[in-house]
Amino acid sequence: MKKSFGFFLLLVLLTLLPWHAFLKTWLSSLFLGSNADFLPTISNVLSLWKEILLAVLIIVFLVFNKTKGFWQQFTRGHWVWLGAYVITLLLFAGIQAPNAIALILGIRTDLLFVPVLFLGILVANRIDKKQFTNILWVSIISLSIAVGIGILAWFVSPDIGVNFGYSPYQSSFVENKPLPVYHCLFIDEQCIPRLQATFSGPNQAGSLMILLLGLLATVISNSQFYILHFTFLIPLIGLALTFSRSAIIGAIVSSFMLVPRKIFLIALSGIVILTTGIFVLKSDLITHGLSSSEHWEKTIAGITRVIEKPLGTGFGTAGPVSRRLFGPEKALISENWYLQIAEEGGIVPSLVFIAWLGMLIYRLFKKTERFARTMAFVLLATSLQAFFLHLWEDSVVTMLIWFFVGLALSRQKYLPNHQDHQL
């Protein structure tokens, strides 16, 4: 097999992932007959292209490369905790799954990050400095173009997505129907479009803005071409226009790990003053109208269900998968990823996952490479975001962020004389 085969497939995946939701919606309208009220099932089946390509890449990197150094990326404790999460979740949630479809969809949703993480670790041990740089720039360019076009459309024509198969029904996400052209933030009873760019929604867009910030910080922070620093405006403006409170809160809180201690209190004071001012002048920007009360009602209901059934109720019985399987009336939506895990598999796997996640973020933060520290920022920000969303339910967000987390775990420092490996 040629040297470039596996690496080429990887670049294809990283290039297309930011465009998945847009391409799915547009191509479904062109070739599959979708409309504002109908999205054919085959469209969701074809969406599995990315999971199939993920499996192919793992096979390629396993078969055509030695796995020496792979297991050393985690300490024994990290592997034990991750293994404990997978085993306990499969045990408690798997046995109680109501049917085979719920089992399959639940495993795909709750455990997709595991093979993606492994792929990142595998790739990290098989690439040189040039390939590492190419991976970063391919993702930066693809994400930046997607976000840039989204920002332009937000200012010029927010409804332009209707011409590409998006539903004209604003803020209406319904299973088996196309994505809405945009979601609304209502201020004084006026709809303000929330930027979603080419992604599946504004909150998912917020997560990927955070990733783009981390990738840009890796390659541009110390650049002597100071004009490149203006590229940070792309994800920063994009993040602001999503009006995603969870993403903004996650980004602000996690950024403190990168802020020097001398200016920590100054930065914190500035944020408190700014937030207070916004709340006084335009409280809807923070409260999102009735959204906050509805969110907390769902979260409290989720906590109540976990207390009543601490061993869980099985894969597919909570979170967005339950809405797909049982309809919006019977769906159990707690607006919290960790509660979703607890509802499906019980308290034990949820607590194990949180503990492992904390260990992983700490490990990345303690590494000396800038890339590892920026990915600690990204993972902490999105992990905080997951307290307010079923964040990792979105496969694009999961695959992009967890791949780079795996890449950052590598002990290789991508020196120029790092040995090339045959792919």
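Placed from the backbone N, Cα and C atoms, the Cβ positions cover glycine too.
Caution: TrEMBL annotation is automatic and unverified by curators.
The annotation transmembrane segment is assigned in TrEMBL to 47-65, 77-95, 101-123, 135-156, 225-243, 263-281, 346-365, 377-405.
Taking every recorded stretch in 47-65, 101-123, 135-156, 225-243, 346-365 and counting its Cβ pairs under 8 Å to the transmembrane segment (77-95), the highest total belongs to 346-365. If you count C-beta pairs under 8 angstroms between the transmembrane segment (225-243) and each of 47-65, 101-123, 135-156, 377-405, the highest count goes to 135-156. Counting residues 6+ beyond its ends, the transmembrane segment (101-123) has Cβ neighbours under 8 Å at 10, 51, 54-55, 57-58, 61-62, 65, 67, 70, 73, 82, 86, 89-90, 93-94, 135, 314-317, 319-321, 324-325, 340-341, 344-345, 392-393, 395, 398-399, 402-410 in the same chain.
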